[in-house]
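**Student:** Checked TrEMBL, it gives:
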- 1-373: domain 'Major facilitator superfamily (MFS) profile' (DOMAIN)
- 26-46: transmembrane segment (TRANSMEM)
- 58-76: transmembrane segment (TRANSMEM)
- 82-104: transmembrane segment (TRANSMEM)
- 116-138: transmembrane segment (TRANSMEM)
- 150-171: transmembrane segment (TRANSMEM)
- 223-239: transmembrane segment (TRANSMEM)
- 293-313: transmembrane segment (TRANSMEM)
- 319-341: transmembrane segment (TRANSMEM)
- 353-371: transmembrane segment (TRANSMEM)
Amino acid sequence: MGLGMGLIGPTILKLREQTNSTLDQLGYVFFTRAFGFLGGTVFAGIIVDHFVLLGRTFLTLTILIMCLVILIMPLIKNVFLLIFVQLMWGITAGMVDNLVQILTLRHYGQHQVGPYIQAVHGAFGIGAFLSPLIVAPFLNKHRKFDQWHYAYWIIGFLHIPNLIWILFYAIRDECCLKKSVETNVTIENDKFVSEDDDNKQSIGVIVSNDPTNLPSSSKIRPFRIILIISSLSLFLLLHDGSESAFGAYLHTYASLHLNFLKDIAAYLNSAFWASFAFGRLCRIPLSTKLSSFQMIFIDLIGCISSLVLLFIFNKSSTILWISSILFELSIASIYPSTIFYTEEHIKLTGKRMSMLTVGASTGGAVIPLLIGF
């Protein structure tokens, strides 16, 4: 997901040339990607709750589709077809995002899950950091022919080892063991019905500790759940919109406003995502010492400071480097910290995770579109 996310920014001007379109038309690329991401997260949230034992199988199929979409993307010469293909990538990315987080919460549910969530999002940052580095050599102005499409094919083929690895776990943990797990669940349910009231309580605890069963939030008032989900969805709308817009237009801003060479602007894009990856990875040990609320508060101070600095010194290329790195270091861990913060107050199911990501995806769709105009 990180490889695909970091790929679009450095190549947006090449896509404009290939499709003979304008920048405001390509603004719809970011909109449809985010809109597809929204739909993908909602759909994944439904299926991961309904088909509890097939999470890894759905993840495997989703990554396969994502791989194929990236491979065909540089061959498209029509802007409307490009927008449709980007929509497909957004749907698959949204499904990957939701499935991975829910599977992580289920697998590590008996531990302090914060560091594991930070690590998952750190992996996204590593992919987004590597992507512009792969693209940059193919954007060098000294090359006789455009070879930027090779970067898409390299990244597409990089999905294959990951795909095989997850397929192995899907076969081992779901396809082969599905019948035995279903049999065990049936036996446990029969025991639960046949025992007296005292034994019901103890068996109920055993069943709830199974990673395929999410603990209940029945003790929390529905109004409080709605308030937490809606307010944090709005918060993630602003967060994801800021992060997506900054990452998507940084290359274009540096090239057109400060006259960066295209390959140098790609390295700036890579530095942006490198700080993103480093920011998330270094939060893994911090998340064991600081609360999720403290981490969010500190990160927001860093975000505001970097944007103010960039606004005041908007003609300085040095300040652009510094502000970009500081901004991404700060904003990097807000999303996983917010997920962890939510998990501390209510139990996150696939559908509740989808409601959070609806807010994030809406911001990722609307704010870059407005900047495109």
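Including glycine, each Cβ sits where the backbone N, Cα and C put it.
Because the structure is a prediction, the values reported are computed rather than measured.
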**Student:** At a Cβ cut-off of 8 Å, and with pairs 6 or more apart in sequence only, do we get at least 3 pairs between the transmembrane segment (353-371) and the transmembrane segment (116-138), yes or no?
**Tutor:** no
**Student:** What average pLDDT is reported by the model for the domain 'Major facilitator superfamily (MFS) profile' (1-373)?
**Tutor:** 80
**Student:** In the same chain, who gets a Cβ under 8 Å from the transmembrane segment (319-341) while lying at least 6 residues past its ends?
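**Tutor:** Cβ under 8 Å, 6 or more out: 101, 113-114, 117-118, 120-121, 125, 232, 235-236, 239-240, 242-243, 246-247, 250, 253-254, 258, 268, 271-273, 275-280, 283, 287, 292-293, 295-296, 299-303, 305-307, 309-310, 313, 348, 353, 356, 360.
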**Student:** Let me check one thing: do the transmembrane segment (26-46) and the transmembrane segment (150-171) come into contact, meaning three or more Cβ pairs under 8 Å with sequence separation of at least 6?
**Tutor:** no
**Student:** Cβ under 8 Å, sequence separation of at least 6 from the ends of the transmembrane segment (293-313): give me the contacting residues as numbers and ranges.
**Tutor:** 242, 283, 286-287, 319-320, 322-324, 326-327, 329-334, 337-338, 341
**Student:** Of the stretches 58-76, 82-104, 116-138, which racks up the most C-beta pairs under 8 Å with the transmembrane segment (150-171)?
**Tutor:** 58-76
